[in-house]
Amino acid sequence: MEREKLWVTRLTWRVSGEHIDKWKGIVKYHMRNRLQDWTYLMHYQCGWAWYTCSRFLIPLGGEGKIVVDCYWHLTPEQGWLSTYAVAISFENWQNTYKTEVTPDVADHMIHCHYFPCFTDRAIQQAIRGESFLWCTYKEGHVAENHWGQVRSLQFLALTVYTDFLRNGRRKRFQGKKTRMVRNLGSQQGAVGRMIKRHGSRTQSGSTTPFWERTPLPSMELLSGRRGKEWGTNDRKGL
């Protein structure tokens, strides 16, 4: 008995085929290194998923997974045989719950599970008062504040330090021993330099990332909402 085709409505972002290919290249590069539990499915592996050219499965621990579907040959009745789009959803492992998610929310979920903001070396640099940096996965911070800015490590350290002064020093030594860091100097040393540099001005931040390193597999880039880095996005939804 032939299976009947079922039509569903999905939230999608219209992009070019070249845009999808570049994003796939980024994902495959990271899948060879740190994202080995991500799964890539070709169109013939997606079963009865009509118009699906490929699919990515991104596990999020025991909660569920993010499913990224890449579509092709959409709206053939209008002659758009080369039209591509992407859709992002979250599903639990029991397949009893599924919901569409926006690229910024998906980036936030992926960031929390796979990409820590700062390495141990970056934290040591901040303690010494050196000027460091930003989280390399900026897209995962869109939900953190109104402007989507990523807080610098110095700003976060200064916030913790001021909270420590406000709440009292005794709490620092309760419960467990504190790891000492060498070369901190006096109170006018590393912390003092950091306060002078960051305490009298507003937090710095930017919605534009630095691309010196290999780009990370951001859903914002895939959906075209940050497509001007590649120049292939028309920013149209279907």
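One-based numbering along the chain as shown.
Backbone N, Cα and C atoms are what each Cβ position is placed from, and that goes for glycine too.
The phosphothreonine feature in Swiss-Prot is assigned to THR99; the stated evidence is similarity to another entry. The 10 Å shell around the Cβ of THR99 (phosphothreonine) contains 9 further Cβ atoms across the protein chains shown.
As annotated by Swiss-Prot, phosphoserine applies to SER152.
The region 'Multimerization' feature in Swiss-Prot is assigned to 159-175; the stated evidence is similarity to another entry.
Among the features that Swiss-Prot reports, region 'Disordered' is placed at 188-214.
Here Swiss-Prot flags 152-161 as motif 'BC-box-like motif', drawing on similarity to another entry. Taken as a whole, the motif 'BC-box-like motif' (152-161) shows an average pLDDT of 65 in this prediction.
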